[in-house]
Amino acid sequence: MALKIAVVVGSLRRDSFNKQLAHALASLAPSDFSFDFVDIGGLPLYSQDYDSDFPEVARAFKQQIADADGLLIVTPEYNRSMPGVLKNALDWASRPWGQSVWGGKPGAIIGTSVGAIGTAIAQSHLRGVCAYLDIVLMNQPEMYIKHDESRIDANGNIVSEDTRKYLQTFMDKYAAWVRDRRV
């Protein structure tokens, strides 16, 4: 039986390095894994006023998360934190109160940035939010990747053999994590 992974990329940029990373990771996954790249760009800014009349785009987003066996969150780092669009998506799928679809889902966080420490601080902030939402995160390996086109090209192809080995380690552990914990 195929395992469906919801991929949430915290960047809306057309040529996002994190989208490239997400596609590179998907190429390393076991054959029984399928990846659903979830669009978060169409979600309006969350307000509790929506709880009584949930927009269709938010219902569809929540359903994509609910239907997934696992989560892969790929985030850039903006001003030493996660992007607002990613936090907004996390909020939408946790609402209305008591109707979160995140709880118990096995997940992992990874990201890339041009900064020297990659996405270390964004991932730290994101881990706190995910813990509150009861997403069961893989703790190791943590990967904070400094973006470099000699590693992954603009099409999401892994260029460097060292990068392939590095990311394969992540994917192998992630695949085992999801298999062992899927709800």
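Glycine is no exception: its Cβ is also placed from the backbone N, Cα and C atoms.
Source: prediction; values computed, not measured.
Taken from Swiss-Prot, the feature FMN binding site applies to Ser11, Leu12, Arg13, Arg14, Asp15, Ser16, Phe17, Asn18, Glu77, Tyr78, Asn79, Arg80, Ser113.
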Those binding-site residues listed as Ser11, Asn79, and which of them has the most Cβ atoms within 10 Å of its own Cβ: Ser11
Fewest other Cβ within 10 angstroms of its own Cβ, chosen from the binding-site residues Asp15, Phe17, Glu77, Ser113: Asp15
Cβ neighbour count within 10 Å of Arg13 (FMN binding site): 11
For Phe17 (FMN binding site), the three-state class that DSSP assigns: helix
